[in-house]
Amino acid sequence: MKPTCILCLLVVILLHPRISKSSTSGNPSASSSSSSPPEIPAFRQCETIRIEMCRKIGYNETSMPNLVGNEMQTDVEYTLQTFAPLIEYDCSSQLKLFLCAAYVPMCTPKAPVHAIGPCRSLCESVRIRCHPVLQGFGFPWPPALDCDKFPRENNHETMCMEGPGELHQPQQEQDLYGLPGQGIPGGLGGKLPMDCSGLAKSHLYVRLPRSGRCAPLCEADILFTPAEKHLAEIWVSTWAYAALGLALVATVCLLASDGSRLASAKWSRLLSPLIWCHNMVTLGWAVRFMVGRTGTACGTDPQAPNESLLTVDGLSNASCASVFLMRYYFGMAACAWWAVLCLGWHRDIRRHSPDSKGHVVIPSNFGGSPAKRNSAKTAQQDLTQNNFVCFVAWGLPAFQTSAVIVARFVDADELLGACFVGNQSDKALQILVATPVFCYWIFGSMNLISGYLVHCRTKEILRNSNALSVQQQLQQLSAHSSSGIGIFLFIYGLACAMLLLAVIYEFANIDVWLGSGDTNTPLWPFLLRAFMELMLGICCFAWVLGPSISTLYKRQVSNGKMVKHTSAGAATGHLDGHSSSRGSHAACNSTVVSYHSVRTSMASVPLPPSPYKLKTSPGTGSISLNQMSNYSLGRSVHHQQRHSPHHHHHQQQQHHQFHPHHNHQHHSTSSHRLYYPPGSYASQKYSQHGSYYPHLQQYGNETLL
């Protein structure tokens, strides 16, 4: 054998122990993953701790190999650096002590045989708090830190470190579906609970490690019995489908009234933002009942794939997300638009008050000519068409919805299975639902109260006036107040207050209901909340449909009467007056009558002296005839051949014939005013063919005979 070969063999033999040690230290995972602990020498040699993280931990010396198999402090330092994010997360105040005790165990000359590591209680305390955080990041609990490897207790046979205990005290204020105890950061409540043992029916919950929240099982009966859930399903679904039907009819009327000048069209245009918002809210409820409870409210979570849970993060469920979006965003937008309309009504009342004008001016939509009514818009219409107001009314609810999505507080409720905000988080219900609704309601209510006070002052000023025209203005103002938008806004505000009351009562008592474990939870706040949410839309739809149905009914009645009167006039050849009145005309002091007596023309007979006198009342827009009681009014053929209403008015005394029936010496006069209201058949005919109806006159807003 050559000397060089012998030399190489000696070098390999001498270096063999170091190669084995380096290979072992270079693959710590293999040694740490082995189930059997490493061989520990009978007497250990203590060395100073050189790892920065474990200095000033409570002891200064350690020995290698450690309890997880590492033989060099440099390898241990590299391994501990991988736990730095978990340490910064501060899931447990004892985490650093536990890691140092496991990877850099304490060594003392008084006990040179065994390294002193952590006790099992210290390991389990840290594992309970930090394992969910690791799972949230997608990492399992390290096998090298299995708590079963460590001593159960500290005694004279097995020495270990028990730790000082957790510094964080259990939380007293808990989130809905949470419990007192140590939590992880996140959510509106600061720290979310880590287990579900604080709940009365904890076996019906599954704790989600990533979020730390407790999700109830899909079919769990925690607060309500199955019979109560069935009753609530029938009650709310009935109102939801009724509201959906009204919403469809109101939408058709809204689209059909575009450009119309009827009163119903004015209401539709003014309330169009509220109508569209409540259309979407009603559609959201309809989607919930059409898809079903399971399809909307139940699902699986990646952290618990084997359980069907009530949704706590509804953004992953398309049906749940759509129901939430339509209910929450458009519901908040409806509250914002109601507040805007209250502000507009207040401005409109104050703008026409005597205090601001120095005299009484009836608003343009109360009376006056059509040109004036079209040229002067109300304050509500001005606000609904203002770009800044539209941006605020649509933008604030959008900001709220974005906050809910970022915080991931979209969840389903147990009773109805409808997705919303705060069903499983009382803090979210308080901050993201009750607070904004309360702000909108306070703003709108203050404007309503202020406008009502101004309106009462205006009525008092008018009531103290003796002028007849002012008294008539008072009647018009009172009529507008009883049927105007102020009444609607007041009714809407009451319904909104009931909704707010139900929300406040729910988040104020939900902790008591969950902690008691009693299924006798009151139904009324939950049913009232859902009912009022739908009733707000029903009020809007009914308020728009009311004038439309009334106008349609009056038009049908008016057309039927006109056809009947026209047939009677064609049979006799003379029509002395049209009486197709569409409403009550008792607004004047004189008696309103219609004449249908038909007389044969007597053009060849000289006319007797006129027994009546034509009087015009410019203040009321009417023509009065002082007529003897035993005379009937007829119209000559010569008069019907006139083509100018002005000419007819000028020569009216010469072309009327009066035929006495009885004694001419007893003359009793009665004042009669003949007119046709705006919108009647005769008024429409005059506006279309004025030259062919010379016996009709257009006076202001009325068609007069």
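A Cβ is built for glycine as well, from the same backbone N, Cα and C atoms used for every other residue.
Since we're looking at a predicted model, the values are computed, not measured.
If you check Swiss-Prot, you get these features:
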COMPBIAS  21-37  compositional bias 'Low complexity'
TOPO_DOM  23-233  topological domain 'Extracellular'
DISULFID  C46-C107  disulfide bond
DISULFID  C54-C100  disulfide bond
CARBOHYD  N60  N-linked glycosylation site
DISULFID  C91-C130  disulfide bond
DISULFID  C119-C160  disulfide bond
DISULFID  C123-C147  disulfide bond
TOPO_DOM  255-270  topological domain 'Cytoplasmic'
TOPO_DOM  292-322  topological domain 'Extracellular'
CARBOHYD  N306  N-linked glycosylation site
CARBOHYD  N317  N-linked glycosylation site
TOPO_DOM  344-386  topological domain 'Cytoplasmic'
TOPO_DOM  408-430  topological domain 'Extracellular'
CARBOHYD  N423  N-linked glycosylation site
TOPO_DOM  452-483  topological domain 'Cytoplasmic'
TOPO_DOM  505-529  topological domain 'Extracellular'
TOPO_DOM  551-705  topological domain 'Cytoplasmic'
COMPBIAS  636-670  compositional bias 'Basic residues'
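Features as recorded by Swiss-Prot, highlighted on the structure.
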residue: C46; record: disulfide bond; DSSP (3 states): coil
residue: C54; record: disulfide bond; DSSP (3 states): helix
residue: N60; record: N-linked glycosylation site; DSSP (3 states): coil
residue: C91; record: disulfide bond; DSSP (3 states): coil
residue: C119; record: disulfide bond; DSSP (3 states): coil
residue: C130; record: disulfide bond; DSSP (3 states): helix
residue: C147; record: disulfide bond; DSSP (3 states): helix
residue: C160; record: disulfide bond; DSSP (3 states): strand
residue: N423; record: N-linked glycosylation site; DSSP (3 states): coil
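If you take the Cα of C147 (disulfide bond) and the Cα of N317 (N-linked glycosylation site), they are about 38 angstrom apart, rounded to a whole number. Secondary structure from DSSP puts C107 (disulfide bond) in coil. Following the DSSP three-state reduction, the secondary structure of N306 (N-linked glycosylation site) is strand. N423 (N-linked glycosylation site) sits 28 Å from C130 (disulfide bond), taking the CA atoms of both as reference points. Rounded to a whole number, the C-alpha distance linking C46 (disulfide bond) with N306 (N-linked glycosylation site) is 50 angstrom. Along the topological domain 'Cytoplasmic' (344-386), the predicted structure has mean pLDDT 58.
For C107 (disulfide bond), the nearest of the recorded positions C54, C130, N306, N317 in terms of C-alpha separation is C54. For the topological domain 'Extracellular' (292-322), the list of distant contacts is 135, 177, 206, 208-211, 213, 215-220, 233, 284, 405, 408, 410-414, 416-419, 424: same-chain residues at least six beyond its ends, Cβ to Cβ under 8 Å. Relative to N60 (N-linked glycosylation site), the recorded positions with Cα atoms inside 10 Å are C54, the candidates having been C54, C100, C130, C160, N306, N317. Residue counts for the topological domain 'Extracellular' (505-529) under DSSP, helix first, then strand, then coil, are 18 helix, 0 strand, 7 coil. In the three-state DSSP classification, C100 (disulfide bond) falls within a helix. DSSP assigns N317 (N-linked glycosylation site) to coil, not to a helix or a strand. In sequence order, F150, P151, R152, E153, N154, C160, M161, E162, G163 are the residues near C119 (disulfide bond), counting only same-chain partners six or more apart with C-beta under 8 A. If you look at the topological domain 'Extracellular' (505-529), the same-chain residues 6 or more away from its ends with a CB under 8 A from one of its CBs are 174, 176-177, 198-201, 221-225, 228, 231-232, 235-236, 413, 415-416, 422, 426, 429-430, 434, 498-499. Nearest in space to C91 (disulfide bond), taking C-alpha to C-alpha distance over the recorded positions C54, C123, N306, N317, is C123.
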